[in-house]
Amino acid sequence: VVCLVAYHIFFMLFVWSYWKTIFTLPMNPSKEFHLSYSDKESLEREPRGESQQEVLRRAAKDLPIYTRTMSGAIRYCDRCHLVKPDRCHHCSVCDKCILKMDHHCPWVNNCVGFSNYKFFLLFLAYSLLYCLFIAATDLQYFIKFWTNGLPDTQAKFHIMFLFFAAAMFSVSLSSLFGYHCWLVSKNKSTLEVFRAPIFRHRTDKNGFSLGFSKNLRQVFGDEKKYWLLPVFSSLGDGCSFPTCLVNQDPEQASTPGGLNSASKSENHLFPAKPLRDSQSHLLTDAPSWPETAAKADKGKVGMSNPALTMENET
């Protein structure tokens with residue numbers, strides 16, 4: 001009875017997270033990142049080079065973006081006709097820009113990004129537990145198979161196949177799950193591991209890392225009761241992210257309220273462009289992440305998926 005109950009709990013959580021990973025639509029940049037009709041015309045008229053960059057700089061001057069291309073230019077998608085938000089990339093399979101894109105996963109036939117990254121992590125975790133549970137409960141019968149302790153029927157070959165399949169998937173899933181746990185702890189995506197984000201002054205592979213606790217909560221949210229459930233609870237809107245920069249961008253004239261004087265006494269300075277309300281508290285909270293910080297937003301996290309409020313690309 002205990003084994004049956006545990007099996008069905010793991011199975012239901014595995015199917016639930018897998019379903020959410022597959023059918024959660026990847027979030028696309030909102031309207032403010034799309035070029036206006038006049039900006040599109042200006043961009044098409046101007047020859048490639050500095051003149052086009054001037055058009056993009058004007059379009060992006062009020063947007064919360066800090067990353068650049070390798071040449072220091074504004075990141076622009078000429079297929080979606082938008083200024084790319086930080087950590088946003090164009091998926092060649094989906095043919096659209098995906099917020100905080102990690103990779104396109106053929107196992108779920110979907111892009112893994114901001115809207116479903118938590119679901120993908122839980123899918124890996126519960127599928128690993130599911131396979132480990134099957135391998136552990138099947139082990140005694142697998143041993144009996146080699147010691148001729150099973151009845152001579154076709155069922156014994158099913159037991160052998162089941163154990164090998166569960167054990168092999170456990171090995172592959174454990175390595176993949178461990179890798180993504182490391183990514184979460186460093187606040188990186190798979191794409192950012194292969195190509196570190198480039199800010200105005202330098203390349204910084206840890207530019208988005210705020211420390212282990214804050215990195216974890218950025219993906220799973222402030223309320224721990226939602227951490228193990230495939231319910232959206234990630235912080236932010238996917239378009240802007242807190243970041244520590246070694247040097248501030250001199251083109252930006254002002255800093256968010258309360259950060260200017262505080263940042264001067266720190267080794268790391270924070271971005272000058274205002275972050276969205278859902279992200280700015282990650283920079284102002286105490287480093288110890290007291291539990292009262294989670295209670296402040298109680299009822300706001302985990303109840304809705306912001307993918308429903310964002311404009312989807314067609």
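Going from the start of the chain as shown, residues are counted 1 onward.
Heads up, the Cβ atoms here are built off N, Cα and C, so glycines get one too.
TrEMBL annotations: computationally assigned, not manually curated.
As the structure is a computational prediction, the values presented were derived from the model and not from experiment.
The compositional bias 'Polar residues' feature in TrEMBL is assigned to 252-264. Sequence annotations record features per position, and here TrEMBL assigns domain 'Palmitoyltransferase DHHC' to 74-193. The region 'Disordered' annotation in TrEMBL covers 252-314. The transmembrane segment annotation in TrEMBL covers 6-25, 119-137, 157-179.
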Inset, instruction - For the domain 'Palmitoyltransferase DHHC' (74-193), would you mind checking the mean pLDDT of the predicted model? - result: 92
Legend entry - Residue distribution over DSSP helix, strand and coil in the domain 'Palmitoyltransferase DHHC' (74-193): 66 helix, 16 strand, 38 coil
